[in-house]
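Chemist: Got a structure for you, questions after.
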Amino acid sequence: MDTPPLSDSESESDESLVTDRELQDAFSRGLLKPGLNVVLEGPKKAVNDVNGLKQCLAEFKRDLEWVERLDVTLGPVPEIGGSEAPAPQNKDQKAVDPEDDFQREMSFYRQAQAAVLAVLPRLHQLKVPTKRPTDYFAEMAKSDLQMQKIRQKLQTKQAAMERSEKAKQLRALRKYGKKVQTEVLQKRQQEKAHMMNAIKKYQKGFSDKLDFLEGDQKPLAQRKKAGAKGQQMRKGPSAKRRYKNQKFGFGGKKKGSKWNTRESYDDVSSFRAKTAHGRGLKRPGKKGSNKRPGKRTREKMKNRTH
């Protein structure tokens, strides 16, 4: 006869009943404390089963000769220049600082050296060869495929470093190029401003030459210094002022130099009669040249033809 499956509520009630029973048993044994609803497990006790350990050791222990085992237990070799017998060490005090990498590696090296010095004579007595034959092929610990991968990885890393270095150099060159370009543009602007100032000075008569047209290749600072020095040394009116004085006179009061005096009134040496009566102003022309007849004459001539 098949029993119907239990519902979720019935299964939860059975689990709760089992849990309650366990809690009651634990409480009766004194494993529960006030405020706890979980059984606390006590700390595990360490068992030192000496007989069991010896039995396990006897199962895999083999009495082999030393040449098959090649085990030695030695201390480090004495340091160079020190006493041959190793100095007694205190067990409580460590001879080598484990945090010092150099001392730790040197202790490994000295201990291996002591083992080699102690084992080689025994191997020679047992006639065990300690040197490899000339045709011995020693296979590497790592395969060629793995070494090839390591080589490719190193090459990739080196190529990445070279690309990074080239990128740094290109950035530095671009930065330097921008700096040089900016300096060139500033120099051109300064030269242009100097040229415009020279043109303005030439137009106003402050200068009688244009340096940039004469191919003056001196630096701008020297030209400015020379121009300022020339202006300080130059005395007298400018070229523009001299031209205007020549054309229009000096202007202002002439101190009576052009007033009529007795001497100037009596001086008739420069008098010309033809010029005074207007005869000298006429231009000589061809005598008997044909002139256009007047309006009435032209009308009479026209009526005659009709």
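A Cβ is built for glycine as well, from the same backbone N, Cα and C atoms used for every other residue.
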Chemist: Candidates are S13, S83, S238; I want to know which one Swiss-Prot annotates as phosphoserine.
Modeler: S13
Chemist: Looking at 138-169, 202-233, I want to know which stretch Swiss-Prot calls coiled coil.
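Modeler: Checked against Swiss-Prot: coiled coil maps to 138-169.
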Chemist: Could you say whether, by DSSP, S270 (phosphoserine) belongs to a helix, a strand or a coil region?
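Modeler: DSSP call for S270 (phosphoserine): coil, neither helix nor strand.
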Chemist: Which of these modified residues has the least crowded Cβ, counting other Cβ atoms within 10 Å: S264, S270?
Modeler: S270
Chemist: Have a look around K179 (SUMO2 cross-link) and count the other CB atoms within 10 A of its CB, chains all included.
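Modeler: I count 10 other Cβ atoms within 10 Å of it.
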